[in-house]
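Participant: What follows is a single structure, and I will ask about it in a moment.
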C-alpha cells in the first residue's frame, strides 16, 4: 500500500504535469497528527490483544490464531508509522535513508495484504464452523490454521517484493526535495499501473466478495435455524454483528480503493486534469488514515465480540495476571443452536451454529 500517492505512483505526474498535486499546508499538519493518533491507539490496542490471546486465552482455537497474526501484522506496520508522520510533516522530504525507505514501504504493503487475507480466512473459518459443523473438526485444526497463516505471510511478502525492489530515495529537481518513492528506469513503465490494479483486485475486490459470500451463507444458515427452533427467542444481535463485520470491512477500504483506481486512470492518461490529480493526491493520505485506523482496530473489534475475551481484556487492564490453567476457547456471544430438520429422514441431521465472532 502507498502512504502518499503524490510522491510515488504519480511520480511522473509530479515531475512534469502537476508538480503541486496533493501539496497543501493543512495536509502536512493533519496527516501527521492522525498518524500519531493511529500509532498510539494501534500499538496500545494490538499489544493488549496479543497479550490476551497468547497469555490469557492460551492460543487454543483456530480463530485465535488468525486474530493473533492479525494483531502482529498491524504491529509491524505501526512501528513504521512515526517515519511516515515525520515524512509528511516535512512536506514529503525523506531524511531516513534508503534502507528505512524500503523497509517502511514494504511494511505498509505487507500489512495491507496480510490483514485482508487474514480477515478473509477468518470469514471462511466462521463459514465452515457454522454452515458445515460436521466437517468442522476435520477442516478447522490448529495445524491447518498455523500453516494457513504461514502461507499468508509468504504471499503478503511476495506481494510486497515490487515495493522493496523499486521503492528508493531520490532527488526531484523541480520541487527540490528528496523523497521515498517508486522510481522506475522508464517513465513508460506499466508497473505502477499493475501495482494499483493488483491492490484493487487482490487487496480488496476478491477478499470482499469472499467475505460477503461467507457471511451471507452464515446469515441464511442462522435464519433457517431460528425458523426451525421457533420455540426459542431470536437473538437479532447475531445478525447485527454479521452486518457490522461486512460493512466495517467495506467502508474501511472502499474510499482508498476508489482513489487508488482513479490514480491508475491518471497513470494511464485517461484523466489529464491537474485539478482531479490534486483531489486524488490530497484525498489519498486521508483515505489511508481511515483504512489503517480501522485496520488496527480489527483485532479489538473481532476480539470484543467474545465474552471471555472481554473478561480477560478487563483483567489485564486491572493488572490481574493470567491463571495457570489454560482456557480452551474464546467464548462466544452466540449460544449454540441445534436443530433436526426432520425426524423421519434416513438419519437425523444436526447442525450447530457456533460463533460468528471468535470461538
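Every residue, even glycine, has its Cβ placed from backbone N, Cα and C.
OK, Swiss-Prot features for this one:
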- 1-25: topological domain 'Extracellular' (TOPO_DOM)
- 4: N-linked glycosylation site (CARBOHYD)
- 15, 17, 167, 182, 183, 184, 199: angiotensin II binding site (BINDING)
- 18-274: disulfide bond (DISULFID)
- 26-55: transmembrane segment (TRANSMEM)
- 56-61: topological domain 'Cytoplasmic' (TOPO_DOM)
- 62-89: transmembrane segment (TRANSMEM)
- 90-98: topological domain 'Extracellular' (TOPO_DOM)
- 99-125: transmembrane segment (TRANSMEM)
- 101-180: disulfide bond (DISULFID)
- 126-141: topological domain 'Cytoplasmic' (TOPO_DOM)
- 142-165: transmembrane segment (TRANSMEM)
- 166-190: topological domain 'Extracellular' (TOPO_DOM)
- 176: N-linked glycosylation site (CARBOHYD)
- 188: N-linked glycosylation site (CARBOHYD)
- 191-216: transmembrane segment (TRANSMEM)
- 217-239: topological domain 'Cytoplasmic' (TOPO_DOM)
- 240-268: transmembrane segment (TRANSMEM)
- 269-278: topological domain 'Extracellular' (TOPO_DOM)
- 279-304: transmembrane segment (TRANSMEM)
- 305-359: topological domain 'Cytoplasmic' (TOPO_DOM)
- 335-352: compositional bias 'Polar residues' (COMPBIAS)
- 335-359: region 'Disordered' (REGION)
- 355: S-palmitoyl cysteine (LIPID)
Participant: What are the DSSP helix, strand and coil residue counts for the topological domain 'Cytoplasmic' (56-61)?
Facilitator: 1 helix, 0 strand, 5 coil
Participant: Do you know which of the binding-site residues 167, 183, 199 has the most other C-beta atoms within 10 angstroms of its C-beta?
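Facilitator: Top count of Cβ atoms within 10 Å goes to 199.
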Participant: How many other Cβ atoms are found within 10 Å of the Cβ atom of residue 101 (disulfide bond), counting all protein chains shown?
Facilitator: 22
Participant: State the non-local partners of the transmembrane segment (191-216) in its own chain: residues 6+ outside its ends, Cβ under 8 Å from one of its Cβ atoms.
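Facilitator: For the transmembrane segment (191-216), the list is 1, 8-9, 112-113, 116-117, 119-120, 123-124, 126-127, 159, 162, 166, 182, 184, 242, 245-246, 249-250, 253-254, 257, 260-261, 263-264, 267-268, 356.
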Participant: Between the recorded positions 176, 182, where is the Cβ count within 10 Å the lowest?
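Facilitator: Comparing Cβ neighbours within 10 Å for the recorded positions 176, 182, 176 has the fewest.
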Participant: If you count the other Cβ atoms within 10 Å of each Cβ, which of the disulfide-bonded residues 180, 274 comes out on top?
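Facilitator: Top count of Cβ atoms within 10 Å goes to 180.
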Participant: In the same chain, which residue numbers or ranges, 6 or more beyond the ends of the transmembrane segment (26-55), come under 8 angstroms Cβ to Cβ?
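Facilitator: Hits for the transmembrane segment (26-55): 64, 67-68, 71-72, 74-75, 78-79, 81-82, 84-86, 88-89, 91, 282, 285-286, 289, 292-293, 296-297, 299-300, 303, 309, 312-313, 316-317, 322.
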Participant: Could you state the CA-to-CA distance between residue 182 (angiotensin II binding site) and residue 176 (N-linked glycosylation site) to the nearest Å?
Facilitator: 17
Participant: May I ask for the distance between residue 167 (angiotensin II binding site) and residue 180 (disulfide bond), taken between their Cα atoms and rounded to an integer number of Å?
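Facilitator: The separation of the Cα atoms works out to 7 Å.
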Participant: Just give the helix, strand and coil counts over the topological domain 'Extracellular' (269-278), going by DSSP.
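Facilitator: Taking the topological domain 'Extracellular' (269-278) as a whole: 5 helix, 0 strand, 5 coil.
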Participant: Please classify the secondary structure at residue 182 (angiotensin II binding site) using three-state DSSP.
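Facilitator: It is in a strand.
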Participant: DSSP on the topological domain 'Cytoplasmic' (126-141): how many residues come out helix, how many strand, how many coil?
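Facilitator: Helix, strand and coil residues of the topological domain 'Cytoplasmic' (126-141) number 10 helix, 0 strand, 6 coil.
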Participant: Sort the recorded positions 176, 183, 199, 274 by C-alpha distance from residue 101 (disulfide bond) and give me just the closest.
Facilitator: 183
Participant: Taking the Cα atoms as reference points, how far is residue 183 (angiotensin II binding site) from residue 176 (N-linked glycosylation site) in Å?
Facilitator: 16
Participant: Whole-number Å distance between the CA of residue 274 (disulfide bond) and the CA of residue 199 (angiotensin II binding site)?
Facilitator: 24
